[in-house]
């Protein structure tokens, strides 16, 4: 099973590439790698990024989005990796701007996916907050690839356009007994400031 860290975004609102922003003196992407390695669930952790950022990562497994899918968002990153490793049974996807993802959350979601995989033939299992899916913290089956291809080819780059067409199910974030910042994504510098304050006050 492989993990995909999505790190190819423009980070315009944040003002700099979020992958290299730091929390507790550690870049976001390195903290996520440490968490994923700590689960002992993945045979490979792949960073999906763009050509501009690729050389800046201190990591050996990097896949660059294809030229025709440049600037097409998370879907392009997911597609780049799944099509490269299509024989893999399952992929865990996490956005690099979710730096406080926890081992507990990844393990719990995997259990949820496996429990529903055979009976419900799930293609995507992710988290939801107040009923709203969070498709950038989710497990994806390679069966999603044709739907991802279709979405990219039709210029509909939304993850929703994929998860609405396949069998998906979502685990409520409240079932993870951790401070709620574990699933929060960082869009602005003030989000990072707030997160650091929350960690200090924990």
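Yeah, the Cβs are placed from backbone N, Cα and C, and that goes for glycine too.
Note that the structure is a prediction, hence the values are computed from the model and not measured.
DSSP assigns residue 7 (GTP binding site) to coil in the three-state reduction, placing it in neither a helix nor a strand. Residues annotated as GTP binding site in Swiss-Prot, with sequence analysis given as evidence: 6, 7, 8, 18, 65, 97.
Marked as Mg(2+) binding site by Swiss-Prot: 97. If you take the C-beta of residue 97 (GTP binding site) and look for same-chain residues 6 or more apart in sequence within under 8 angstroms, you find 9, 11, 14, 18, 28, 185, 186, 187.
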